[in-house]
Amino acid sequence: MSEGDSAGESIHGKPSVVAAFFTRVGQVYQSWLDKSTPFYAMRWAGTLLLTLVYMIRVYLLQGWYIVTYALGIYHLNLFIAFLSPKVDPSLLEEDEGPSLPTKQNEEFRPFIRRLPEFKFWHSATKGIVIAMICTFFDAFNVPVFWPILVMYFIMLFCITMKRQIKHMVKYRYLPFTHGKRTYKGKEDTGKAFWGMMRVRNVFSFCQLNSNMKT
């Protein structure tokens with residue numbers, strides 16, 4: 001057995017203690033992620049609280065502005081992917097498959113995001129944690145005139161959102177489920193069923209009485 005093999009495995013061919021530890025940590029981490037999936041309000045509240053802590057730290061340290069700018073650009077890209085459909089209608093021809101409806105009387109097709117909500121939250125939270133870790137190292141504290149970065153970010157945000165809104169208006173889709181039309185079954189279906197059963201029982205009872213008389 002070579003030295004490289006012995007580093008990753010023990011004498012009996014089993015994974016080493018270090019590999020088993022990281023595997024266990026990954027399993028526990030994934031288990032907590034799976035449990036937190038339905039609690040989207042609590043997840044985003046925790047992310048906003050973490051963002052607030054990061055902003056307070058940057059304000060008190062008076063530095064690491066380039067890290068904050070990179071974090072803002074990263075979150076902007078995630079937000080655009082969250083608002084965008086999985087298949088871009090502008091790149092999809094009519095004969096290549098289904099696309100988003102452009103008229104009111106067309107068939108309803110659900111909006112599928114390019115970046116799902118859970119992955120959006122997970123990536124945004126990881127970005128904040130990484131930026132927080134970077135603030136503990138002076139190598140990432142690059143001197144920069146922060147008002148220029150703020151101006152660049154505002155310009156980039158306005159241009160990107162303007163392009164995204166034009167895309168939404170052109171292809172007539174709304175990336176939010178609030179206010180959309182929902183379809184429900186008839187509420188009196190059960191009542192109609194039991195009414196038919198009652199009529200059937202009465203009819204059977206009358207037929208039985210007529211047979212007994214004859």
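Placement of Cβ uses the backbone N, Cα and C atoms for every residue, glycine included.
Annotation comment: TrEMBL describes 40-60 (among others) as transmembrane segment. Taking Cβ pairs closer than 8 Å, the transmembrane segment (40-60) reaches residues 68, 117-118, 121, 124-125, 128-129, 131-132, 135 in its own chain, all 6 or more past its ends.
Annotation source TrEMBL lists transmembrane segment at 66-83 (among others).
Taken from TrEMBL, the feature transmembrane segment applies to 144-161 (among others).
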Same-chain residues at least 6 beyond the ends of the transmembrane segment (144-161) whose Cβ lies under 8 Å from its Cβ atoms: 65-66, 68-69, 72-73, 76, 80
